[in-house]
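According to TrEMBL, the protein has these features:
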- 16-35: transmembrane segment (TRANSMEM)
- 73-94: transmembrane segment (TRANSMEM)
- 103-128: transmembrane segment (TRANSMEM)
- 143-162: transmembrane segment (TRANSMEM)
- 183-202: transmembrane segment (TRANSMEM)
- 247-266: transmembrane segment (TRANSMEM)
- 287-309: transmembrane segment (TRANSMEM)
- 329-349: transmembrane segment (TRANSMEM)
- 403-418: transmembrane segment (TRANSMEM)
- 424-441: transmembrane segment (TRANSMEM)
- 462-484: transmembrane segment (TRANSMEM)
- 504-522: transmembrane segment (TRANSMEM)
Amino acid sequence: MATSVNMSGCRSQKELWFLVIYAIVFYVILISRSLQLSHDHYRQLYSLRPGWLIAHHLNDVSDAQWRNLRGNIPVLTLVFGIFTLLANLMRAFFNLRVKGMSIVWLLFSLAYLSYLHGACIVFILSIATGNFLLVKIFAQKEFFPLVVWSYNILFLLCNRIYEGYSFSIFGQQWTFLDNYRGSFRWHICFNFVVLRMISFGFDFHWTNQDSHFDEEKHYQRCHICKSGKSCYQVLQERSLHNDKFGYITYLCYLVYAPLYIAGPILSFNAFASQLDVPQNTNSVRNVILYGFRWVLSFLLMELMTHLFYYNAFANSDLWKHLSPMDVFIIGYGVLNFMWLKFLLIWRFFRFWSLVNGIEAPENMPKCVNNCHNLEGFWKNWHASFNKWLVRYLYIPLGGSKKKLLNVWVIFTFVAIWHDLEWKLLSWAWLTCLFFIPELVFKSAAKAFQAKSSFGECIFRELSAVAGAITITCLMVANLVGFVVGPRGINWLLSSFLNKEGLPVLGGMLMTFYVGTKIMFHIDEAKQRSP
């Protein structure tokens, strides 16, 4: 028996060496070809600006979200620094609790919103007040979920259809206010406010109901709670007293400055609890290290955009005239760029929230290249949104009992929440289609019991093949949803389903198969560690 285990471990080590060598060769080829593509075609690309990090290199700032954050980091840092200093001084001197800190952060946040949205802050406060009144009036009714969802989806759609409304629709005497709409479109940020309004409504609705959360069982498993602190899940699931659901605290939650623009998303229960007692799961040292890691990630992004012009290629039609190998390299590069961009955006705002004593769930806790199934990918991409969807949509719809049906409702809502575009609906429905075989495979895997080492080996290989196919499907769905649109599906298929493209498709699947096997080794190493 011991000899068998040793031989198995030896084979595993040899396999790991082969996988790592393959991965190194793959990335050497990918990086060298990416550098060559950027060098050969930079004159034909748009939105390249003079770089600062590397001499004689242009910088790809073609992505609007990244360009806006990058350009406003100094101003945002100054604003949040001042807010943080004043808020913490007032908390210390006046010993402020929930109500006091709500007033302080509401005033700071309204000043911030006035700069961002100008006179359009009236729309935000009006819709928010309407939601508050509906929650207070109908919270104890059986049809409450229908009321709160209908109200919020109605405004989610209307805000987009009417592009944030014009003041002229209320009368010509108000037309002049359209000249004071601020520097940032309010209805874009309001998507996050909608999630918070729904969270407030349901957390209040569930206050006097029995919780399904087993706190005792959770404490036995959670290392944070074992240490005497309160983790995010406990703060979210623990019901608050009715007096915590006041109008001032509600408004403060909706427009809390550090998380207002992009999140991460946290529930009302968790937010109000931390206004009362600031988060204690992250020490000052850990928060400083978190900020330092963000700076390193920012420098990595600058290095990437100075050397590889993936996004500029994707925004042009040029990459549609390249070879299938080059199309794959740019598509893979775009997804990695998107991952790093969102990581920087979300962690910048989460850092300032942590400094102010409010912990929000971490988005992207795992690297995009360390996910080999759809469910794991979405749990780790917009992780805070995933937690929100599970709590307020997935479980109320029936949870795992109706999983195949629920994914269609959830991803359709996610697409509409992002924007009213066909390419996002195409992304959502493609993702749902790809989910079906994964769910079937997982059900079969639970029922399957390997009775020999050979059976275990076969199952592992089939799982790796399934992982390779899943990663390919993820690439296709995200490229359709965020880059080429539904019209680009035919082009993507025709690029790879031909004499020149089939060998590239085979190599791509082989590479993702190797990547999945490496992920298996990583997971096993984590399980072995104490």
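Every residue, even glycine, has its Cβ placed from backbone N, Cα and C.
TrEMBL entries are annotated by machine, without manual review.
Same-chain neighbours of the transmembrane segment (16-35): 307-308, 310, 325-326, 329, 332-333, 511, 514-515, 517-518, 521, counting only residues six or more beyond its ends whose CB sits under 8 Å from a CB of the stretch.
Most Cβ pairs under 8 A with the transmembrane segment (329-349) among the ranges 247-266, 287-309, 462-484, 504-522 are made by 287-309. Remote same-chain partners of the transmembrane segment (143-162), defined as residues 6 or more beyond its termini with a Cβ less than 8 Å from a stretch Cβ, comprise 127, 130-131, 134-135, 187, 190-191, 194, 197-198, 201-202, 205, 396, 416-417, 419-420.
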